[in-house]
């Protein structure tokens, strides 16, 4: 009983074939069975039984073609599109005393320069997306084993740690320049920067109107308008009435600390 295969290494997603040839003196067997001992562990799978039954979820992964003649029996097992779980030891068996095995490894093409290979071998991603706090590999392997930065630090996409105060300071401090990514818009000197990142004219600050849309231009503003005087009790009066020798504030505070005219 002889078993042979096209390669000991099967390319991920490619087809491969293993051939089992039974010939010679003891007579031609009635049947050759194929078994798989998965490399990842688990129970042995009778591939012949799977193929002959209605288990189409596994049947679609394999195809068995038998050719039986008076002097020989050839059985071919096709791995249709190799998956990682197809790696293992394949055995063709006539009886407990007559079998042959073949080890198969499923390999993937190596990622090129500047790329990171996901642990499931299903894709390559840009190395700068490794450890960027966002899952890009389906299995999350691009975010495992990443270096951690201390409190008060910012982790660059390449794993470097910098002072968090250097994030979005207008000057790249990370080697990969990621500390300047996704930074809020910088407003002109004569503009006010809203909490939501919008820029509004500087005179829109504390004008009593919601120019930012999030009311941030009206936060921390005095209660009275710019042309008004705020009384000690919180009331607002026209600024022209300040020190006019008439109490316009209910508490007369608009007439406090006024210079006496001679």
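Cβ from N, Cα, C; glycine included.
Copied over from TrEMBL:
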- 131-146: disulfide bond (DISULFID)
- 149-161: disulfide bond (DISULFID)
- 156-174: disulfide bond (DISULFID)
- 168-183: disulfide bond (DISULFID)
- 187-199: disulfide bond (DISULFID)
- 194-212: disulfide bond (DISULFID)
- 206-221: disulfide bond (DISULFID)
- 224-236: disulfide bond (DISULFID)
- 231-249: disulfide bond (DISULFID)
- 243-258: disulfide bond (DISULFID)
- 1-108: domain 'Ig-like' (DOMAIN)
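Across the domain 'Ig-like' (1-108), DSSP classifies residues as 13 helix, 56 strand, 39 coil. Taking the Cα of residue 199 (disulfide bond) as the reference point, the closest of the disulfide-bonded residues 149, 183, 212, 231, 258 is 212. It is 221, among the disulfide-bonded residues 131, 206, 221, 224, whose Cβ has the fewest other Cβ atoms within 10 Å in the structure shown.
Averaged across the domain 'Ig-like' (1-108), pLDDT for the predicted model comes to 79. In this view, residue 231 (disulfide bond) is surrounded by 21 other Cβ atoms within 10 Å of its Cβ, with every protein chain counted. For residue 187 (disulfide bond), applying a Cβ distance below 8 Å and a minimum sequence separation of six or more within one chain yields 193, 199. Residue 161 (disulfide bond) and residue 131 (disulfide bond) are 12 Å apart (CA-CA, integer value).
Just so you know, the Cβ of residue 243 (disulfide bond) picks up 15 other Cβ atoms within 10 Å once every protein chain is counted. For residue 212 (disulfide bond), the same-chain residues lying six or more positions away in sequence with a CB closer than 8 A to its CB are 192, 194, 195, 196, 198, 200, 204.
Across the disulfide-bonded residues listed here (156, 236), the residue whose Cβ sits among the most other Cβ atoms within 10 Å is 156. Distance from the CA of residue 161 (disulfide bond) to the CA of residue 174 (disulfide bond) is 8 Å. The disulfide-bonded residues recorded for this entry are 146, 149, 183, 249, and the Cα of 249 lies nearest to that of residue 221 (disulfide bond).
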